[in-house]
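S.K.: Annotations per TrEMBL:
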type: COMPBIAS; residues: 1-22; note: compositional bias 'Polar residues'
type: COMPBIAS; residues: 409-419; note: compositional bias 'Basic and acidic residues'
type: DOMAIN; residues: 7-392; note: domain 'Catalase core'
type: REGION; residues: 1-23; note: region 'Disordered'
type: REGION; residues: 363-419; note: region 'Disordered'
Amino acid sequence: MPQRVLTTESGAPVADNQNSATAGVGGPILLQDQHLLEKLARFNRERIPERVVHARGSGAYGYFEVTDDVTGFTSADFLSEVGKKTETFLRFSTVADNLGGADAVRDPRGFALKFYTEEGNYDLVGNNTPVFFIKDPIKFPDFIHSQKRDPFTGKQEPDNVWDFWAHAPEATHQITWLMGDRGIPASYRHMNGYGSHTYQWTNAKGEAFFVKYHFKTNQGIRSLSAEQGAELAGKDPNSHQTDLLQAIERGVNPSWTLYVQVMPAAEAADYRFNPFDLTKVWPHKDYPLQRVGRLVLDRNPDNVFAEVEQAAFSPNNFVPGIGPSPDKMLQGRLFAYADAHRYRLGVNHTQLAVNAPKATEANNYGRDGLMASNSQGRGAKNYEPNSYEGPVETGQPLAAPLAVNGHTGTHEAPAHTKDDDFFQAGELYRLMSEDEKKRLVANIAGGLSQVTRDDVIEKNLAHFHAADADYGKRVEEAVRALRED
Ligand code: HEM
């Protein structure tokens, strides 16, 4: 291939890319040096705002293949036939640190999956944990402020982290999970992914089911101890990125098996705890895992900025047969993500290659805005209804309607007969081996003992006591021992 010529952004040939133009030898630079001005100006604009959470991440393309018939539960076309394959893009992430943070840290991991289906893109934006810290979206900004860098000290503060948790007894389950053995995954390949929320599936007959998604890693779960994590985070801050990139480049394609738990919609109201409470799991003995298919990652993006940094997922992107549940956290997220994308990437972020539908096309009357590149075809009308064969509505809601009752108001999520914030944290603790309990207690005490106020420590200890007497006693003793040191 003949050597290509270097050009300006408008395509004109560049004469000199080593020396800027000056007024005479040794003189000041000329304003007419278009190549220099353009080069410096573009460089200044290379960064966009990082994600406010989950800033640091890695992504890869792949496919989802249906292995089991789930048409009794959902009419979603991409799940309609055993053997059907759908292209996907998955972005993994850590949550709390900024873009330049390290991978091997104790933090939940994001597991954001885009299915490029023939009925539009379906985004399932989950984590590697089946539960979360809070159950109302109104607390999310406060929660995240308390976990990220303090505006005065510029670093994460144990005082803030634990002060928030002192006021959030519902976080005890997720804290127990995070401080336990799975809290620092060895890599993105060696962890599970969960939809975490309860979603709604609707079948062709219009029958509704509530579902929870579980992606089980086929690489096996591997985690790091606190010491191993600290060492690796220092040695190779990009350890997760390196691992994922190299595995796929070597053709060792990671995969996950998708299972769902399925609850017929009529059972939700009388279930012994609120099935839409994101701080709780559904016991498998009540709702066993049913296999759906296999997710495989087999292609690295060509450009990390274009495809990973600009990837935009929204829990509000559903396809026919799948919809939201009344989980308040999920409802808050239905707004938050596309709003973040409009701020960070602009109103036309859905036209970027990684975000645009691949197996169908977007046809609507949305127009213009910053960086619009989609003309929707010559002469296409930009209003609806019209007499020119523009796209028309289907009259078919994507999912079944959700039942509602009562009055508007700032209500707490409804409590069911067995609802409390601690029993599942206690169950998780009691499931652990003696060694795992020791590591869990040491991890919690390591953080909690750094808190400067006794009342904040006491409030947190009360949560562990409420989960399990032995759990509370051991954390209390460990914190006291560390504070006496
Ligand atoms: C009300 C609660 C929540 C709010 C308001 C919220 C909001 C956000 C926002 C604004 C972003 C940045 C989006 C972007 O700039 O691209 C984000 C990213 C993310 N969130 Fe949440 N979030 C919430 C809860 C959750 C929960 C419960 C999960 C998991 C179950 C989750 C998983 C993620 C993931 C995986 C990402 C990164 C997506 C990507 O890779 O681009 N979030 N969240």
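Each Cβ is built from the backbone N, Cα and C atoms, and glycine gets one as well.
Since the structure is predicted, the reported quantities are computational estimates derived from the model, not experimental observations.
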S.K.: For the domain 'Catalase core' (7-392), what is the mean per-residue pLDDT, to the nearest integer?
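M.R.: It averages 97.
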S.K.: What are the helix, strand and coil residue counts for the compositional bias 'Basic and acidic residues' (409-419) according to DSSP?
M.R.: 0 helix, 0 strand, 11 coil
S.K.: Please spell out the DSSP helix, strand and coil residue counts for the region 'Disordered' (1-23).
M.R.: 0 helix, 3 strand, 20 coil
